[in-house]
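Note sheet for the following structure.
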């Protein structure tokens with residue numbers, strides 16, 4: 001009896017604390033809205049992202065914040081809020097609905113599912129909100145989508161690898177998690193690219209999270225079963241780094257491995273360039289977020305913006321590697337050269 | 001008589017605690033969203049909370065039988081995928097298939113727990129990988145499609161009727177009925193004291209298998225709800241529901257040791273968790289602080305739960 005009572009009491013206290021915190025939030029929220037009411041045309045912008053903690057997202061977050069600061073200075077943006085769904089797509093739907101209810105003018109989305117957000121995003125668009133989606137894209141054509149062609153990513157890598165091996169050899173395919181749209185698309189593209197080289201055989205298809213530790217384990221077991229490979233099609237930075245690291249550690253032949261602008265991989269590549277290692281890498285540029293923001297702000301201001309903005313994939317090769325690799329930055333970063341404003345304007349059709 | 005009085009009070013205290021919290025939350029909520037009590041808002045919110053409420057009911061069913069279901073998220077995705085893939089050929093057939101699949105996975109868990117005597121945590125963990133893989137075979141990429149009329153009716157109301165709200169009411173009614181059957185009574189008996197239940201002539205294995213299968217039905221309904229809400233299927237979307245459903249059950253006072261807990265408390269707790277996360281979105285707190293708040297609430301809930309069970313086992 002006492003236990004029950006304690007439980008109820010503790011629960012009430014806990015919720016009371018929460019309510020108090022929330023109540024403080026109410027006051028500050030009211031203050032914020034009255035302040036923004038002063039500037040009439042400045043926009044209320046929200047970004048809902050499926051993850052915020054990975055370093056790529058951190059870099060994107062920083063780039064977006066810098067650009068928002070610029071737009072605030074120009075009087076185009078009044079308020080900017082970031083929502084992190086932490087991997088939970090249902091939570092992301094809740095965030096989008098909350099932004100609709102709170103009458104945001106612009107919603108930016110890095111989607112956790114290519115299909116599940118469509119009804120919520122279309123509802124936002126119907127409510128007159130400008131929705132711009134970048135990086136991980138949805139299938140709805142009612143929102144502005146800013147991305148790279150993931151199939152082309154795979155195709156470009158597949159072709160390069162086939163050519164590099166002279167059209168003959170065994171490779172390991174090193175892909176991201178099964179069932180994730182980006183991973184599936186890159187792999188589909190790679191298979192198309194490799195089709196021109198029927199002599200290239202995929203001896204093992206490994207899936208891993210885009211994370212160094214699990215990737216290293218996954219690659220090591222696939223490699224021990226197939227030590228005589230001639231190349232690796234890898235679709236992401238940490239995966240490529242894990243693969244190259246394994247070859248270097250085991251002092252094996254440094255076969256070509258495709259990659260990404262993950263600094264850890266670029267550093268390893270540079271260290272082993274003299275030993276004959278070569279790669280073709282590309283990038284999912286962080287400035288996708290900035291392009292989406294600029295496109296949304298332009299559209300909310302009445303400009304016509306293309307609904308689908310395909311941003312070209314950068315190419316990192318033996319020749320321009322030095323422009324990308326940053327020896328003083330941590331492994332877990334994605335060096336990229338900023339896109340000039342004129343290029344952004346061209347992409348959003350200004 | 002005093003025993004009955006105490007029992008009634010106990011149950012009401014649990015519900016009263018959660019109810020008080022709900023009132024506080026709703027009061028704060030209406031500050032941010034003055035339209036929260038309008039039919040449109042109720043429709044949107046119930047559409048959003050339905051999958052978690054149903055998933056939590058599934059988890060509570062298993063916990064009442066003294067188990068735990070770590071495969072819940074995977075099975076939810078499976079039901080969602082099956083429904084989304086088949087929905088265009090007929091919604092009812094697709095729903096039947098999805099429910100059958102989910103109930104079958106539940107029964108399989110139950111058989112392994114009841115007959116092989118394996119710990120539920122191991123069985124359902126293994127099952128989560130198994131069904132996660134099967135889901136990817138059914139639906140390798142997010143896709144499938146649900147008739148758009150149904151998606152609209154579910155999310156925006158059908159002739160002013162909040163369909164998800166009705167669905168939750170119906171499921172609760174179903175549970176009430178189940179609760180009065182021999183199986184319903186046996187479920188609490190088996191969860192509370194398996195040996196005692198066996199000694200008094202209850203087929204404990206059958207009860208366990210039925211409990212897991214019934215949980216499968218709830219989880220299947222949650223998956224179908226999520227498919228209709230999102231208009232599609234996605235093999236990876238269910239995972240967070242495993243832990244969220246456990247959190248809701250724990251907050252509701254359902255015991256990890258089985259036999260103790262009320263389904264209406266679970267519904268209320270799931271609603272509270274949903275409202276709380278929504279409320280945190282309104283506050284404009286930085287995203288990381290929102291995570292801290294969510295975590296803090298769960299820790300408090302589990303701490304409270306531990307206090308209560310400690311008293312029980314003394």
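Any Cβ shown, glycine's included, is placed from N, Cα and C.
Pulled from TrEMBL, these are the features on record:
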- B:12-30: transmembrane segment (TRANSMEM)
- B:36-55: transmembrane segment (TRANSMEM)
- B:62-85: transmembrane segment (TRANSMEM)
- B:91-114: transmembrane segment (TRANSMEM)
- B:121-140: transmembrane segment (TRANSMEM)
- B:160-178: transmembrane segment (TRANSMEM)
- B:209-229: transmembrane segment (TRANSMEM)
- B:241-260: transmembrane segment (TRANSMEM)
- B:267-285: transmembrane segment (TRANSMEM)
- B:291-308: transmembrane segment (TRANSMEM)
> Between the stretches B:62-85, B:91-114, B:121-140, which one has more Cβ pairs under 8 Å with the transmembrane segment (B:209-229) than any other?
Replying inline: B:91-114
> Going through B:12-30, B:36-55, B:121-140, B:241-260 one by one, which has the most CB pairs that fall under 8 Å from the transmembrane segment (B:267-285)?
Replying inline: B:12-30
> Which one, B:91-114, B:160-178, B:241-260, has the most C-beta pairs under 8 Å toward the transmembrane segment (B:36-55)?
Replying inline: B:160-178
>> Is the transmembrane segment (B:12-30) in contact with the transmembrane segment (B:121-140), using at least 3 Cβ pairs under 8 Å (sequence separation of 6 or more) as the test?
In response: no
>> If we skip the immediate neighbours and take only residues 6+ beyond the ends of the transmembrane segment (B:241-260), which ones have a Cβ under 8 Å from one of its Cβ atoms?
In response: 14, 18, 51-53, 55-56, 58-60, 63-74, 76, 128, 188-193, 222, 266, 268-270, 272-273, 298, 301-302, 305, 308-309, 312-313
